[in-house]
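Novice: Below you'll find the structure I mean.
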Amino acid sequence: MESYEELLIEAINNDDLKCSQYWLSKGANPNKISSSGRTPLGVAAQHGNFNILRLLAENQRSAIKYKSDNDPCKQHKPLKLDFTHKNQNRNIGYFVVCKDIDEAEFGDGPTPEGMEALEWDMEVTDDNLLNDNLCSTPPEARIYKWYADVLNRTAIVLESPENDIARFDKNGLNALHYAVIGCHCDIVEYLLDNFKEISVNQSDADMFSPLHMAALNGDSRMVKLLLGKRANVQFMNRQKHTPLHLAAQKGYADIINLLIEHGANVNAHDLHDCSPLSLAILSCHEDAAEILIRKGTRLNHEEFCGITVVYRAVWNNMINITRALLEGGAKIIQSQYLLHTAIRNNNYEMVKILHKGGAILNVRDEQGHTPLMMACVYNNFQISKYLLKNGAPVNTRNELTGLTALHICVDSIRDPRTFEVFLELLLSYGADINAGSFMGNILFHAIMAGNLNAACTLIKYGADVNLREERGFVDNLTLAKNNDNAELVKLIIYAGFNFSNMLFDMKCLKTKSEDPLYDFMACVSAKPLPLRDMCRIRIRQMLSGNIIQKIYLLPLPTVLKKFLALEEL
């Protein structure tokens, strides 16, 4: 059979006022925890039926008063102070002694953290102290009476938790918390105005205050109400989040303004040293971040692992916020490689903002890459052009691998047209097409990496086909033949390959009985090239740098230009 409390909860869920009155008359306790883990009072607060909640709350208050006034066996005798004694300082109060604390800690030290938020409980004194003749009562007696009144009023609650209207249910919440979560302002105001046991700053089992809950819900009306009831705007939960942290994390701009107007600390830090601004940026709430920046949040505070708000803004591609931070005085920490991050995100505007804000164009990340190398990795032509235009060195090497930006293009760009565009750009800013590295020169590296289209393009643009990689123990022609790429073999030969540079007997390159590519190589090595081909080799040798660009500037017919550029191959 269901208990009266279960039946009362069912009536509350059905918004049945008469049925609720009936079960209360039968003895249902509105503050008793049911099998669901909640109290009828909490259910009513969450449900939002003001009339039912008021009925339950008044019934609970009447039950406590009746029990206090009419149970002579359990009636508590109020504490009193005897002023007739000659020594009026005797027994005027009590002390709580903690043996685990050294006496030295009670000396002249700084005020403990959080003490500034303590307030004198005027509600306790309203019914008692104001009726006394305060002028004739010594100050120490007033303190004593305050403590005595607290003890008298809590005696019944200590005896039976079911009499505490502010008690927690199994969810760690009371009626006030449920009303705040349910956005029922009328119920919250009623509870705070009529029940001194319920405090506006009473936190739940997870140390969330009502103001935390309202801020997390984005309920600006509730936030205004709680602030008007003197809610502590600096209250911290277990993660040391203030209500402002939660509002910023959710991006509630109106609530952020409300909290700051009532004295919220914009520079409060949680357990991870995150400020409200940091959480707003982390959650990509631009409006919230802009408000916090304008309100004077410290912009150069370093969180756990040295993370700054600029770092978070760049990682989240928040262009406007990054600009506002840098204009507001935020500094770029070069070791955070923010330019590299912006390039990974292919964010051209962010790159420009960071460069203007002081980011160094030649800084190397943990892998030894410069921003230009990173732009080549991600095939971003626009960013590469911007970096080169603003002074990024084109031939800088990766200190770990010796690779240049052109080496990295060979590794990263497989589309022939895209590679050619990058090659022309880098050569126009003075890139060395024959630069070496720990992995070989650029042409050798292209063939070894299997990017044969890039290798062909490099030869057309003037890469030295006779440049031998000593540590490779193989020449470029042998590599091209082993890849069975006829175009690459012909380009190497017609670009002026010297057969005396071959490290192996050419006969070793014949892989099948009928091998036209081998036959072509053997024929060319046995007799000289035609005069026109030898002239082409000589002219190309005289043109250094970007050969293609120089060829097309020559006053020659188009057909000859294409011949010199090896385009017919």
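Cβ atoms here come from the backbone N, Cα and C positions, even for glycine.
Curation plays no part in TrEMBL annotations; they are all automatic predictions.
So TrEMBL says this about it:
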- 516-569: domain 'SOCS box' (DOMAIN)
- 36-59: repeat 'ANK' (REPEAT)
- 171-203: repeat 'ANK' (REPEAT)
- 206-238: repeat 'ANK' (REPEAT)
- 239-271: repeat 'ANK' (REPEAT)
- 334-366: repeat 'ANK' (REPEAT)
- 367-399: repeat 'ANK' (REPEAT)
- 401-438: repeat 'ANK' (REPEAT)
Novice: Tell me, what is the mean pLDDT of the repeat 'ANK' (401-438)?
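Specialist: Value for the repeat 'ANK' (401-438), mean pLDDT as a whole number: 95.
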Novice: Counting by DSSP secondary structure, give me helix, strand and coil numbers for the repeat 'ANK' (36-59).
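Specialist: Going through the repeat 'ANK' (36-59) residue by residue, I get 18 helix, 0 strand, 6 coil.
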Novice: Please indicate, using numbers and ranges, the residues of the same chain that are 6 or more beyond the repeat 'ANK' (206-238) and have a C-beta under 8 Å from a C-beta there.
Specialist: 117, 119, 172, 176-177, 180-181, 183, 185, 188-189, 192, 200, 244, 246-247, 250, 252, 254-255, 258-259, 262-265, 268, 270
Novice: Can you tell me how the residues of the repeat 'ANK' (334-366) break down into helix, strand and coil by DSSP?
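Specialist: Summed by class, the stretch gives 19 helix, 0 strand, 14 coil.
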